[in-house]
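Undergrad: Handing you a structure now.
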Amino acid sequence: MPSAVPIAYGRSSSAPASIEGDSGILLPPNRFYDEESQRISNLIDEELRKESQRQKEARRKQVKVMLLGQAESGKSTLQKQFQIYYASKTLDRERPSWRPVVHFNIIRAVKTILDEIDYELSHPDDDDSDVESDPELNEPGPSSAGPLSSSSSSQRVKRPRQPSAAPGNAFRPSSTELETLSVLRTRLLPLVALHDSLASELSGGVSFSRGLTGVFVRAGWQGLLQSNQGGRAGKGSPGGVAGLAAKALDSSREDVQALWVHNAVRKLIQLRKLKLEESAPFFLDNAARIAEPDYLPNVDDVLNVRLQTLGVIEHSFPINLGGTMYDWRLYDVGGARGQRHAWVPYFEDATAIIFLAPISAFDQYLDEDARTNRIDDSLQLFMTICSNKLLKKAHLVLMLNKTDLLKAKLKAGVRVQKYITSYGSRPNKYDDVASYFRAHFMQVHKRKDVSNRSLYLHFTSMLDIKATQSIIVNVGEAIIRQHVAQTGLT
Ligand SMILES: Nc1nc2c(ncn2[C@@H]2O[C@H](COP(=O)(O)OP(=O)(O)O)[C@@H](O)[C@H]2O)c(=O)[nH]1
Ligand SMILES: [Mg+2]
């Protein structure tokens, strides 16, 4: 290595006129120095040539894949699916660090339920009639405008709701129900009181953007968390707020379960007034198991976790294709609007983009802009990705995600046409809705793609390990093959 060579002056073939010794004294020219310097110079040149060759080779074997899409589209879940397939041991090692995050997901769900009950009880006359007309999906273009009504005191953003299935089906718990709710509320207060401090501990002190709460993590969060807790996050009694939360959950598990199955909560869900995070039912159904003192998250728990990414997090692992090892690098990004500027520096040398669009989100709006329909935002974002010149060489994969949730919503009778008027009178059936959204994304690609490249499209349900794994293998191999073709690597 050049840095290991002791004398570094001899890069020229002509003898130096004089040589400055360590002491600063000028020495006369010397033939020995001349030949020696030439020899060393050649050695350095050879080393540099080899090093540059090695670097070139390593770069050619490096496959950089960016996971893009709006917040909650499933980017981090896809990253975990890649990890399960190609580096399952690393995921196994990380399981302890997911424990407090799973606990947080439950505490957050309990808090949301109690907040909603409080809100409903203090606004008994508040029905859906105060919700303005729903935004409609425009052809990709300006943001659709929808209603925004927020209560500044609680930062509670009221999003458009599906009207009650039966008019007059209002939220009116009986007096016995109110009594049990009140008891549960009091007993759950110590658990819910940990919400903010646990969020802050998990986020490493990151402050939240206006109106948003939750846990945000940057690269390396797992290491930080484990060292904060003296590496005891897995078993026994972790320190800090996470430890308190584990204990509080352990002692209130029956109350959590009782709240979750309470008639009033069922009613709020049926009326579509309670807007829980999508993974909340999964965690609340599993609350007893998760509250066990020696609980260690399993793979399904890790996949279901909602944890917001901040900035860009790189995950790297080797992939063997046809006997050659490739250095596969996934870049998982924060997808909220305020985070998207951080993507750009990674664009230039990206081998591939996997764009995720959750097509179940036709009745949802952005957290960061409650007027924008999420499908509309996905289409606009996909348009900017297709037309970005820096990405013109990148292999383009589109995953229309959350098909399981789309099916469940349609089955529950949620009508697409109510949120996306251009859907018209088409049947409210999965095949029709899925084709409609696919056609919209394909049209954006056809009209806007900067280099007329192929678009590889998949329908995905990212929590389904078996189905997703085969898609991952196909996508991974296709990306590497294209990379090989472009770089001439054999
Ligand atoms: N039901 C369902 N949930 C999903 C799917 N993909 C992701 N999720 C969940 O959606 C939430 C947000 O996913 P995440 O990967 O964190 O989104 P990101 O913000 O794009 O990284 C998590 O709770 C995931 O478990 C899916 O296909 N179906
Ligand atoms: Mg993420």
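Placed from the backbone N, Cα and C atoms, the Cβ positions cover glycine too.
Heads up, TrEMBL stuff is auto-annotated, nobody curated it.
TrEMBL lists these features:
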- 1-21: region 'Disordered' (REGION)
- 121-173: region 'Disordered' (REGION)
- 121-137: compositional bias 'Acidic residues' (COMPBIAS)
- 140-155: compositional bias 'Low complexity' (COMPBIAS)
- LEU303, ASN304, VAL305, ARG306, LEU307, GLN308, THR309, ASN401, LYS402, THR403, ASP404: GTP binding site (BINDING)
- THR309: Mg(2+) binding site (BINDING)
Undergrad: Have a look at the binding-site residues (VAL305, THR309, LYS402, ASP404) and report the one with the fewest Cβ neighbours inside 10 Å.
TA: ASP404
Undergrad: Counting Cβ atoms within 10 Å of each candidate's own Cβ, which of the binding-site residues LEU303, LEU307 comes out highest?
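TA: Counting Cβ neighbours within 10 Å, the top one is LEU303.
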Undergrad: Those binding-site residues, LEU303, VAL305, LEU307, THR309, LYS402, ASP404: which ones have a Cβ sitting under 6 Å from ligand 2?
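TA: The binding-site residues passing the 6 Å Cβ test are THR309.
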Undergrad: If you pair up every Cα among LEU303, ASN304, VAL305, ARG306, LEU307, GLN308, THR309, ASN401, LYS402, THR403, ASP404, the residues annotated as binding GTP, what's the maximum separation in angstrom, rounded to an integer?
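TA: Output for GTP binders LEU303, ASN304, VAL305, ARG306, LEU307, GLN308, THR309, ASN401, LYS402, THR403, ASP404: max Cα distance 23 Å.
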Undergrad: Please report the DSSP secondary structure of THR309 (GTP binding site), reduced to three states.
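TA: In the DSSP reduction, THR309 (GTP binding site) maps to strand.
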